[in-house]
Amino acid sequence: MENFKGLQKSLYIWTDSADLDKRVEQLKAATGGDVALENVHRLSFSSYANSSFDLIVIECAQLTDSYVKLLHMLKPSGKLHLVSFIGPAASLLQEIKLSGFINCREDSPDALSAEKPGYETGSSARLSFAKKNANAANVWKISGDDEELIDEEELLDEEDKQKPDPAGLRVCSTTGKRKACKNCSCGLAEELETEKQSQKATENAKSSCGNCYLGDAFRCSTCPYLGMPAFKPGEKVQLADNLLKSDI
């Protein structure tokens, strides 16, 4: 009991009254404080206030559901000491630990000890979270007027805006160029011949008024572009195959 020196108030729970006074005097000498007595069979009827004792000693007793009550009776960091206990030490230590005690250990073959945590049952403590960075809130105050934005129109060149010529899209599967091979069987030779005839017909078409590109509202009745949408001056326009051909 050398570890109990300086404990002011203790509770001794006894079973056998033989030599009881002697054991109480020994406990007083070890602690240097006052010692209260309680019979193990009267413990459930007792009405001790919470945090009343610095030390509780139990001798030759087997408690079942009283360890939680003893935990409330002890002050924070109070000690529990079992002497000449009844039952397996491992089972008792597990039961004491599940009741809320800490540092549960077997001091000797006939003695067990445990402690109450250094805080009162049901108490709360304020958690210390990391402080908010005041500079982080200033990020939202940054003005976006100083940022340079990219003009979308500058991303494209004039060549990128031009539509691809459909005449140059299809190539021969054999030569890899827009030129039919000798024994063309994919239809590219016929397509190139049709484009050639259409180009000749377009070149032969002459505009006497100079308004063909403006649309049908400005075209004459014999205009080869009649029925076609307006186009830009100088833009290549492909005429239908039946234009400039006699209907008879």
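Just so you know, the numbers here start at 1 and follow the chain as drawn.
Quick reminder: no glycine exception, Cβ is built from N, Cα and C everywhere.
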Inset, instruction - Kindly point out the range from 84-87, 220-223, 240-243 that Swiss-Prot annotates with motif 'Cx2C motif 2'. - result: 220-223
Legend entry - Which range of 61-64, 109-112, 169-172, 209-212 is motif 'Cx2C motif 1', per Swiss-Prot: 209-212
Inset, instruction - Using a Cβ-Cβ cut-off of under 8 Å, list the residues of the same chain that are 6+ residues beyond the ends of the region 'Fe-S binding site B' (209-223) and lie near it. - result: 229-233, 235
